[in-house]
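Asks: Supplied in structure tokens, the structure appears directly below.
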């Protein structure tokens, strides 16, 4: 089996290799060794004795000393009882003297035993005629019990007679083999055993002829007695068959030749097996006798389930050993009979003692027997489902067609010539597009009749190159070519980073395909499913880019369903859209789509208050939205489809069309299985089932992505990541924010570890000791998390929460009393249409609460009964963090993450009480802090008790001073309410401007305060979508300078909103799901941003929040590995979840300075310097996820990941330590070089003073470099100023969209600092940029005069 592109048709679509299977086995062996070593160390630490070795291993060793061949050919494992008896037997058979004594003793009693056995037989047969079946079973049970007692008290010896009984059993087994040999069911694997059966039979005959007369008689008597025992243990339905068998066998009295008895046995068994299946015989054991007999002894190998059975040594013994053998057969008989069919296929010949024969038989048996799945072994392609194989083959064929098309045609054409931007950057990323042709219509022969799929010129001029490639990707996925319009098409994921213009790409793509003559016939109706809070934004974007851009583009009917409030209105709107003859687009929210199409669960009782009008209209809704539904569907923020078991995903997959386009900026959220759900929506079966995907990718990547992974696991992970990335590269188009760095100012992210105050530490420890207990892990993780979050936010939050809970409890009791007094009926028929409005998507399904842990009406009653849920109360599932969630699945992110990672759950997490809040505060939590006296009423307005609030206030004041707008994201509405109250309190008491700072943008004598709607704005779940758009527009208004702060709930405002007016973001608390925080920061870092962006993440140091952030780091690393194929440093250990409850605060020592260098952000540096008691340290977030070049696979290694010819080399990346190299030409920071005095004089003539430079943005960035030089900074600022002077004289068509040079030089500064280059390198790059521009514009007439002036003032720059 080969991987990747293979010439063989059989290997199409294969992504797993044979060498990978071997590597997986090696990893599993390493993991087993590690587990054994850890267990041993744990026992040593606890003082426990080492575990005793199993006797089976000793038996194996002893048998190997006696006979190596017998050890290799040991019989299969029997029942546990047989093994226990075999243990005692094998311990006393070592010495030769005992064996001689046993032989002599057994010969004396041969005749006596023969008489006793015949007597027992007659007694048993007579009792069968007289007694009933029930009495017969009771006797057999008593006899077996008696036999067991006797064998347990006997010594561990075995007689010569029992060995002969084993030989008779072996002869029977040979007859079975002979019969199986002639059957039609035999396959190729049994051929070796067939060839050996004749030899085995001949050898058995020769051995039987050499037996003495006494041995033959003993064998005959043993055989008869054994059959009697079997007959007694048989069930009623098998008794007649056994009687018939025993009569036939007893009639055979001749014992002269054992071959004769063998033939008769064979004939009898064939007769018995013809009408009905043969009863399976008990498991046999290996025979070992005296030295001369052991050479001729036969070995019988029987099938096993798991491992080789223990080697059983049998020697001469007393008379009781015969009874023991009989009882063993009786015990095993019933179990073995259930598997008789299996034995007929896998049983083997046991007379050949050669090693080769046994080996062949074992191999053939392993092939015949279905293997149990082993942990850590990758699935072979033969184990995959047919759907998976077909999907992989179809995708491979599509990729071949696309590669051929790309070689023959490239429809994305850039304008000829070079503009200013391209000359400076050295790339074509900023060059304007000349034309974008998606399909040349090559199938049409007539040139005049060809209708290429081409983007309209009015749209081409506003597109960027990466957006043109995204449009081409969507066309290749949904349509592929005009020749394949009759096929069902397929889908793809446009996984462009937030801010790269995915909405514009979709609008351009839809306009292009809908207005095409051929495609428009097949695709007229498009459904765009988006989050509720961006419905209006999408509608406005269609108007902006189509209607407002060019009247010729206004050819598509665009409508949104949210504006229709009643069921009937929505039905009419969908009917008009579905039956439209012109191209039309319908925009709908995820929640409304689910409500209109969800099917009732037949297992659940229908609610009495359900909307009957909606139930009647659902049939039409499903027709319009699902089957036949739209011709194409577009899903924005498609990571909402992360759980294929959710109601939303179940509704979405029922859409009939396969032309599905998914948009997401964060394709990977909590785990790889969520990624699988999204890919499976657009490409069903491509990644296989969940089990197949987990086996082939998830398990391997998860093992190797942590720092405690072995080198082999890391190597295997890298290979799997590359295979997964390459496997999906034609259906997932990923572009990260590096595209933004070439077009907008840079971004800096900082993680600030905030120190806990003494009061917070005392409360945290008290809660750990008194409430959580000594177990270390509470059974109520989510309630504990919320309690901790209140502590690290502000201690008084505990009191406010309890007060709100008490108020709600009283209101709930009053409502229950009123409900008991007034009977309103079920309300099923009286429900008005007006109740089913757009608010039903979220407002009627949720109650707006202040935080996720607000219990509301879902508190548990004391009697244990489920509380009645009011109409306005949430339905069954409530939100985890706040009421801002846009669908019911988002609220379960945390709970699902904890469940998947093995954290202990309470009953409420396990879903036993699904109608109750997952985050209900347990009764023992109520008022626990009041007993300690750590929280007082006067703490309400003491905001110094929280260092997070102190840092927040300082950053807001600094932003006021420099004129920057700020966004504050929090996942808890409690925190947002606290921030509001703090700002209003400080403004009302005159504390805000008491420190003397001034707002830069305050006009004249205008006094700013903190009034909602004027000074700050809020977006949370209670703000309707229409109002959100108005708030966003007002905040982004460049003339509205007073609105300088926006408070946003993480989930309500992190999706799809545009806040480019702000350039600083504070993420107040870390979220379990990293995608929410990532979405938040990209509200400001997107196209349209004109200032450098600064992100500050507040993390409560030493707390559970710090551990949550570490989980985010691991998840983002996985996302970049799989989606971007970036090799990221493996972050933290794999067992971090077990450390969630550890509290390791850092105490403040005023004599010890903060252990970190000043950040490049001057604002943050000032804040940290002023508040060192509040900050432990900081880290740059982007540095954690910088692409580690050392871990990248080379081109050859990428091939090896597919062909598996050799293993990858692994190694931990080592970050280069900072060491400033000597800078020749710049000693002691002084400017040295040609015409230095002239440079200084010209600088003075232009009025450039040092005090003015201190406020220059470029100069500030130069001073933040880790390797900096003042002289070089002055030179670079001068070059920038000269280019700014000549820019107005450059024609607009040559600028390439460049309006200033500041951004270009700042990008050079950051690039140089990131690569740890010297200031000399930066100066060289700056001079190259300067000369490039001068060379480009020197022939332009308008530029001649300013260039002549520069030449006179700075001749050395033009030399």
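From the backbone N, Cα and C atoms, a Cβ is placed for every residue, glycine too.
As annotated by Swiss-Prot, region 'Disordered' applies to 1-402, 809-891. According to Swiss-Prot, the compositional bias 'Basic and acidic residues' annotation covers 11-49, 321-336, 383-397. Per Swiss-Prot, the feature compositional bias 'Basic residues' maps to 50-61, 77-86, 194-204, 219-229, 362-376 (among others). If you look up Swiss-Prot, you'll see 64-73, 814-832 (among others) marked as compositional bias 'Acidic residues'. Positions annotated as compositional bias 'Low complexity' by Swiss-Prot: 347-357, 833-847. Taken from Swiss-Prot, the feature domain 'Helicase ATP-binding' covers 483-685, and the record attributes it to sequence analysis. According to Swiss-Prot, the ATP binding site annotation covers 496, 497, 498, 499, 500, 501, 502, 503, on the basis of sequence analysis. If you look up Swiss-Prot, you'll see 636-639 marked as motif 'DEAH box'. Per Swiss-Prot, the feature domain 'Helicase C-terminal' maps to 951-1134.
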Asks: Between 0 and 100, where does the mean pLDDT of the domain 'Helicase C-terminal' (951-1134) sit?
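Replies: That region's mean pLDDT is 82.
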Asks: Within 10 Å of the Cβ of residue 499 (ATP binding site), how many other Cβ atoms can be counted across all chains shown?
Replies: 23
Asks: Quick one: give me the count of other CB atoms within 10 A of the CB of residue 502 (ATP binding site).
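Replies: Step by step: centre on the Cβ of residue 502 (ATP binding site), count other Cβ atoms within 10 Å, giving 23.
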Asks: Is residue 496 (ATP binding site) helix, strand or coil when read with DSSP?
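Replies: In the DSSP reduction, residue 496 (ATP binding site) maps to strand.
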Asks: Within the motif 'DEAH box' (636-639), how many residues are helix, strand or coil going by DSSP?
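Replies: Helix/strand/coil tally for the motif 'DEAH box' (636-639): 2 helix, 0 strand, 2 coil.
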Asks: Of 497, 500, which of the binding-site residues has the most Cβ neighbours inside 10 Å?
Replies: 500
Asks: Would you count the other C-beta atoms found within 10 angstroms of the C-beta of residue 503 (ATP binding site) for me?
Replies: 22
Asks: Count the residues of the compositional bias 'Basic and acidic residues' (383-397) that DSSP assigns to helix (H, G, I), to strand (E, B) and to coil, and report the three numbers in that order.
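Replies: Counting residues per DSSP class in the compositional bias 'Basic and acidic residues' (383-397), I get 13 helix, 0 strand, 2 coil.
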Asks: So of 496, 498, 501, which of the binding-site residues has the fewest other Cβ atoms within 10 Å around its own Cβ?
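Replies: Fewest other Cβ atoms within 10 Å, among the binding-site residues 496, 498, 501, is found for 501.
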Asks: Around the ATP site formed by 496, 497, 498, 499, 500, 501, 502, 503, list the extra residues of the same chain whose Cβ is within 8 Å of the site's Cβ centroid.
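Replies: Close Cβ neighbours, site residues excluded: 665, 1086, 1087.
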Asks: On the three-state reduction of DSSP, what should I expect for residue 501 (ATP binding site)?
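Replies: The three-state answer is coil.
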